[in-house]
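Shown next, in structure tokens, is the structure this report addresses.
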Ligand code: UDX
């Protein structure tokens, strides 16, 4: 009998995991506590933008392999393996992760577990959480055959389906041979493909995830620190990055200089990691992450300074076109978005800011209602004194500088993502500025 899977928390991670597991042939029942979300998903309506995922969702709903519910009793009865995918956001007014959704999920599920099953945590958590939750399960679950495993998820928004079906590696934190055996069965397709499967203890599994994100954030802030040095010396950080990348010990990925990182993971995960290190008394080990965070925030301020300087020192009464609201291209996610942060700061200084993004306008409107929004890049640029490229969507890279130039009041552009061809834009009469370049 094939294993029956459940997924708890139908957010980004949970919905993707549920749909992809169903696509591999498993029967999957996914739970969310929000009835509206469950209704939308059950109708095949994905509440966020993720290329390729609507098709996977819809074909597995149609086949009947994927279903959604709000009932913990139903999933407890159904599942052999329960994946817990609830969010662990940054706490308000604090760096630490808020694990209350995770505790609520375990408290709701555990007392209903009357048969053998495996609970698999996928949420990103402070190291030590799995140990604590294992004790909670032992206390609350009626069946003695309930085990816990920790299986961090490394998916990127925009590549969520690909990353779930064909991850770089699968890491499982387990305490028993049986738990490992069940997870090897769940991931049999990936293992057959040759994807590395690493079995570790709980704290190591938890740490692989947060240290991977800390490393990625550090790489981005490293190159952005070099951009600051380039700005002081007249060097070009894009050429510097290109030259560094030929050393394959350094590598080209995540060495893209610009406005820096945002989103629902990297910023909050490095902060939560620092908070946890403080609690563990090893804060010195991670003090460099404070600098990583600070460099990242400074890029946003630098962007505002560059734009202001191009407008002769003041945004008062000026019209600013902002291209991009999502924290990165191919996403509608505006959580901790550098683009929106910059747009809001410029609005604060008295500019009339019009933002355009191919996917993130609805979300952007909710968090920054005082900004104006255009229906296209051309509409947003109409009559503007300056154009700021803040998220590197392909459609912005493809903009025709001549055509755009005919709409604006002044041909000023700041390329916050080093995404445009400076020579082409200058040849079309634009004053082109970019972060980290002369
Ligand atoms: C990240 C991790 O990549 C993923 O493994 C983890 O599971 C969740 O967090 P995601 O938040 O989807 O994924 O975004 P990612 O593609 O990693 O980009 C993060 C941010 O870094 C974006 O704001 C992006 O614009 C920025 N970035 C990325 C750079 O500024 N420069 C780069 O070279 C690469």
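Keep in mind that glycine also has a Cβ here, set from the backbone N, Cα and C atoms.
Just so you know, TrEMBL annotations never went through curation; they're auto-generated.
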Report summary line: Cross-ref TrEMBL: substrate site 154, 155, 156, 157, 254, 255, 256, 257, 258, 262, 328; candidate in list 92, 209, 366, 433 matching that site is 209
Report summary line: Cross-ref TrEMBL: NAD(+) site 32, 37, 124, 157, 268, 335; candidate in list 88, 199, 233 matching that site is 88
Query raised in the report: Which three-state DSSP class does residue 255 (substrate binding site) fall into?
Result: coil
Report summary line: Given the binding-site residues 156, 209, 335, the candidate whose Cβ has the fewest other Cβ atoms within 10 Å is 156
Query raised in the report: Max Cα-Cα distance in Å among 32, 37, 88, 124, 157, 268, 335, the residues listed as binding NAD(+)?
Result: 24
Report summary line: Using a 10 Å radius on the Cβ of residue 257 (substrate binding site), the other Cβ atoms enclosed count 26
**Report entry** Of 154, 156, 255, 257, 262, 265, i.e. the recorded positions, those within 10 Å of residue 335 (NAD(+) binding site) when Cα atoms are compared
**Finding:** 262, 265
